[in-house]
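Undergrad: Before I ask anything, let me first share the structure, which is written out below as structure tokens.
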Amino acid sequence: MAEHGHNMWEEEPSKGRDSLDSDSSASTTSLVFDQISERVAAESGTTKGKRMRYGHDEADLGARLSELDDEDPLKDEASGDYDLETGPFLGGHGHNSNHDGLSAASGSAGKTQGGYRMMDRGLRRVLIIASLVFVTAWVGGLFIYISHKSYLHGSEFEHDPQATVSRGSLRKITREQVDNGFWRPVKASIAWVAGPAGEDGLLLETNASGASDKAYLTVQDVRSLQQGLDASTEAAVAAARRTLVEKSTFTFAGKTYRIGSSKASKDMSKVLLGVDVQSNWRHSSTAAYFILEVATQTVQPLIPGEVSARVQLAQWSPQSDAIAFTRDNNLYFRQVVAGSSSSAEDADSVIKQITTDGGPELFYGVPDWVYEEEVLGGASATWWSPDGRYIAFLRTNETGVPEYPVQYFLHRPSGAAPAEGEENYPEVRQIKYPKAGAHNPVVDLQFFDVGRGDSFSVAVSGEFADENRLITTVLWAGAQKVLVKETNRVSTVMRVVVVDVAARSGQAVRTVDVGAIDGGWFEISQRTRFIPADPARQRPDDGYIDTIVHNNGDHLAYFSPPENPEPIMLTAGPDWEVDDAPAAVDLERNLVYFLATIQGITQRHLYSVRLLDGGGLSPLTNTSEPGFYGASFSAGVGAGYVLLEYGGPNIPWQKVMNTPAAAAAAAAGSADVSKQMPFVHVLEDNHELAERARQYALPLLVRGTFDVKGHDEGVGAGKLNYLERRPPHFDPSKKYPVLFQQYSGPGSQEVTHEFSVDFQSYVAASLGYVVVTVDPRGTGFAGRSNRVVVRGRLGVVESHDHIAAAQHWASLPYIDGDRLAIWGWSYGGFTTLKTLEQDAGRTFRYGIAVAPVTDWRFYDSVYTERYMDTPQANAVGYDTGAVTNASALAQNVRFLIMHGIADDNVHLQNSLALLDRLDIEGVSNYDVHVFPDSDHSIYFHNGRQIVYDKLENWLINAFNGEWLKIDNAKPQGKR
């Protein structure tokens with residue numbers, strides 16, 4: 001092609017072809033027919049040597065055939081030699097002995113000329129006609145070949161996630177690449193921080209690599225990322241730059257410590273350093289803490305005289321002069337005075353113990369297991385007031401919560417040495433774990449008055465009983481008021497309470513019974529945002545932004561003052577929802593930023609809207625193309641900068657930009673917002689990943705929806721989103737097996753426009769199977785009516801939808817309906833087994849369940865009862881949702897279960913209960929693999945690697961028909 005500098009009739013050298021055979025044969029054939037073409041051209045008076053063009057006048061060529069009958073097209077005029085195989089141009093000049101032999105042998109078969117056998121005229125005519133037909137076809141094929149850029153190697157094309165045909169011969173992706181992060185997009189991490197005076201656009205930079213030419217912890221102006229700043233900007237950037245911690249190690253009392261975590265005070269004069277950090281549950285950990293003075297780079301222990309004290313949580317006060325921390329489940333207050341002594345004698349003068357009865361069953365300021373996992377989503381249950389006068393904290397009483405034993409056979413997470421003679425016994429960790437219907441922890445909110453030194457709680461009339469209360473949100477709404485959101489234990493009724501801490505009183509300002517509205521539940525969110533009063537900016541009262549149920553979806557509402565139960569709706573839908581909103585609030589310009597599904601539920605774009613009236617909805621991202629974006633905003637009051645993350649469908653990238661200009665450009669209708677920014681810095685473009693995507697054969701992706709019929713229990717028809725991954729060299733005339741991968745949990749989403757090369761991609765691209773992901777009803781972002789249909793019957797609707805999906809794909813001409821498998825992890829493992837049970841071998845043949853729930857009575861109360869109510873109130877729903885029909889599972893060809901023995905989340909009890917039921921019923925068409933000492937993630941001693949090794953090999957055997965052979969095994973010779 002012209003853009004490559006080649007004449008369209010010259011073949012480009014192949015780049016990295018798997019085989020050169022086709023090129024060689026094509027070249028040889030073309031040279032043969034070039035000779036024929038030259039003769040035709042010569043007889044026609046055209047320039048000798050010019051190649052035949054596609055579309056020549058075939059009638060003219062036909063008229064010349066009779067004149068060519070008497071000529072041998074392979075004769076070399078200079079030598080007079082002939083070779084019917086190769087012709088003289090390939091050096092195949094005839095040898096007289098051969099020709100003589102041929103002539104003698106042929107005898108009367110034809111006339112000879114100059115000692116050579118003459119070809120029969122009729123035969124020559126047939127050969128020439130056939131040759132010209134072949135030439136025409138060959139030239140036509142060459143035209144198509146070049147016009148489609150088939151001469152280019154696949155790696156010369158950009159990766160196209162929307163491609164539906166192969167890009168040619170490329171390298172195969174490998175399991176090792178998927179496992180080791182080769183295909184994982186690089187993501188830079190920015191820790192935004194507000195300056196001491198609320199300055200915007202500052203970030204904390206941690207030298208995690210330990211490079212000797214960089215300080216360990218520094219503060220930078222985000223504009224320092226960009227080159228070529230003007231003098232005034234450079235001066236401002238330099239003024240903002242400061243070093244907080246010089247080195248990644250420090251020495252105290254002759255011992256050197258390596259920093260494991262760091263938390264700077266608000267005024268940036270001190271840093272809290274954690275060393276010897278030890279993980280506890282998903283979010284929590286313990287560490288020994290030191291306080292570093294930035295000016296002198298000197299340290300002192302958090303607890304004077306106790307350098308190695310294990311602390312669960314430590315938080316700076318907003319005034320940077322105190323730290324609240326929890327140790328052994330008790331809450332403490334520590335004054336931080338510059339130059340104070342680190343001796344044990346000074347401990348009493350700087351530390352005050354706020355609570356004294358904390359212990360194994362009573363937690364202060366930190367959550368227990370279920371609150372960490374299901375409610376707060378973090379390790380802190382401590383909240384400082386903005387002026388540092390009060391500390392709000394949760395008291396969690398687990399006295400009535402039953403224990404579950406987690407066994408560790410190969411290591412001892414506690415670090416404690418066993419008693420002599422007990423070395424060969426497992427370590428058992430007893431966890432207070434409330435299962436569905438069991439006693440919940442009793443949680444109440446308490447306050448500590450720093451000035452008065454006393455603790456207190458505030459009773460509010462109409463509150464839920466202790467056993468029926470979940471405190472889901474605690475938010476300071478100014479210096480003296482706290483906004484508290486609480487629900488009943490089954491999450492159908494929510495109360496919003498405003499506590500006046502100074503007056504030690506409170507009132508319920510809003511109560512919503514969503515169960516009565518749509519039969520659903522409240523999802524827990526920690527994104528509620530306080531909006532301070534600012535009369536100069538038309539905000540006469542304090543307020544808050546919350547996500548509420550509106551127009552069949554999750555939408556943003558602005559309540560001001562906080563006691564006002566009637567909000568200003570900032571978003572309304574009705575055919576879209578917000579996601580984990582708000583992302584940020586610009587208090588200087590009264591703008592609210594959020595991610596939403598306006599362009600489709602598989603996409604996320606960033607938008608802004610006016611705070612005061614909900615008007616002026618504007619995109620900050622390019623909505624003309626599919627995209628899945630994320631956003632992290634700067635911590636200043638103006639939220640003036642954003643780390644914008646493009647996650648797909650093309651190669652992911654990250655840019656830092658300033659938001660006011662972005663909003664203005666979007667409002668002006670700019671087609672490419674990013675190019676209109678006064679400040680735009682590409683933080684990561686993933687160019688290496690883009691190059692890999694060009695060089696490797698990635699699966700072909702097909703996204704869409706398909707119709708699903710209504711369920712017989714009052715669930716109407718609907719549309720389900722799917723993602724189909726096809727092999728790179730997909731051939732619709734073939735029959736492919738299908739692996740269905742899913743999660744399916746309430747409110748979750750698997751089918752998106754994100755870029756991903758994962759295990760599913762490997763199965764499609766390198767094993768050659770079709771892999772399909774479907775989001776059934778109950779999953780997220782398709783409207784409340786789509787979600788709440790699973791309430792009270794988890795697994796029933798989801799399995800119905802997956803069976804419908806399997807039936808749909810089985811009906812497609814390129815699918816082998818006898819080779820369908822489904823797999824999933826956690827909730828996906830549950831859905832796998834429930835689908836196999838409900839289908840009973842009619843559609844699916846195989847399944848793999850990793851760490852599955854098998855009976856919702858075994859899972860934690862907060863999560864389960866939100867969707868199922870209690871077992872006492874919904875016994876039928878729990879019975880229906882449990883995987884218990886062993887005879888139905890026996891109808892499948894085979895299934896595989898894998899589980900970690902030390903799973904503290906989905907207990908091994910789930911798999912054991914099912915195995916027992918299978919034993920009772922005499923069912924044996926399954927395999928089991930357990931992982932000692934592995935938790936829900938299955939990492940211990942190479943566990944994660946083995947999970948996917950097992951999954952891959954087991955699946956190959958399934959689709960190869962190996963499990964059919966062992967269904968009725970017989971000794972050799974007895975068949």
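Here the Cβ of each residue, glycine as well, is placed from N, Cα and C on the backbone.
The following feature annotations were taken from Swiss-Prot:
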- 1-20: compositional bias 'Basic and acidic residues' (COMPBIAS)
- 1-111: region 'Disordered' (REGION)
- 1-125: topological domain 'Cytoplasmic' (TOPO_DOM)
- 22-31: compositional bias 'Low complexity' (COMPBIAS)
- 126-146: transmembrane segment (TRANSMEM)
- 147-975: topological domain 'Vacuolar' (TOPO_DOM)
- Asn207: N-linked glycosylation site (CARBOHYD)
- Asn397: N-linked glycosylation site (CARBOHYD)
- Asn622: N-linked glycosylation site (CARBOHYD)
- Asn885: N-linked glycosylation site (CARBOHYD)
Undergrad: By CA-CA distance, flag whichever of Asn207, Asn622, Asn885 among the glycosylation sites is nearest to Asn397 (N-linked glycosylation site).
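TA: Considering only the listed glycosylation sites, the nearest one is Asn885.
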Undergrad: What is the interatomic distance between the Cα atoms of Asn207 (N-linked glycosylation site) and Asn885 (N-linked glycosylation site), given in whole Å?
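TA: That comes out at 55 Å between the alpha carbons.
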Undergrad: Note down the number of other Cβ atoms within 10 Å of the Cβ of Asn207 (N-linked glycosylation site), including every protein chain shown.
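TA: I get 17 for this one.
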Undergrad: Using the alpha carbons only, what distance in Å do you get between Asn622 (N-linked glycosylation site) and Asn885 (N-linked glycosylation site) once rounded?
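TA: Computed Cα spacing between Asn622 (N-linked glycosylation site) and Asn885 (N-linked glycosylation site) is 50 Å.
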Undergrad: Under 8 Å Cβ-Cβ from Asn885 (N-linked glycosylation site), six or more apart in the same chain: what's there?
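TA: Within the chain, Asn885 (N-linked glycosylation site) has Cβ neighbours under 8 Å at Glu837, Ala840.
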Undergrad: Determine, from DSSP, whether Asn622 (N-linked glycosylation site) sits in helix, strand or coil.
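TA: Looking at the DSSP assignment, Asn622 (N-linked glycosylation site) belongs to neither helix nor strand, so coil.
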Undergrad: Around Asn397 (N-linked glycosylation site), how many other CB atoms lie within 10 A of its CB?
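TA: By my count, 17.
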Undergrad: Mean pLDDT for the topological domain 'Cytoplasmic' (1-125), rounded to an integer?
TA: 40
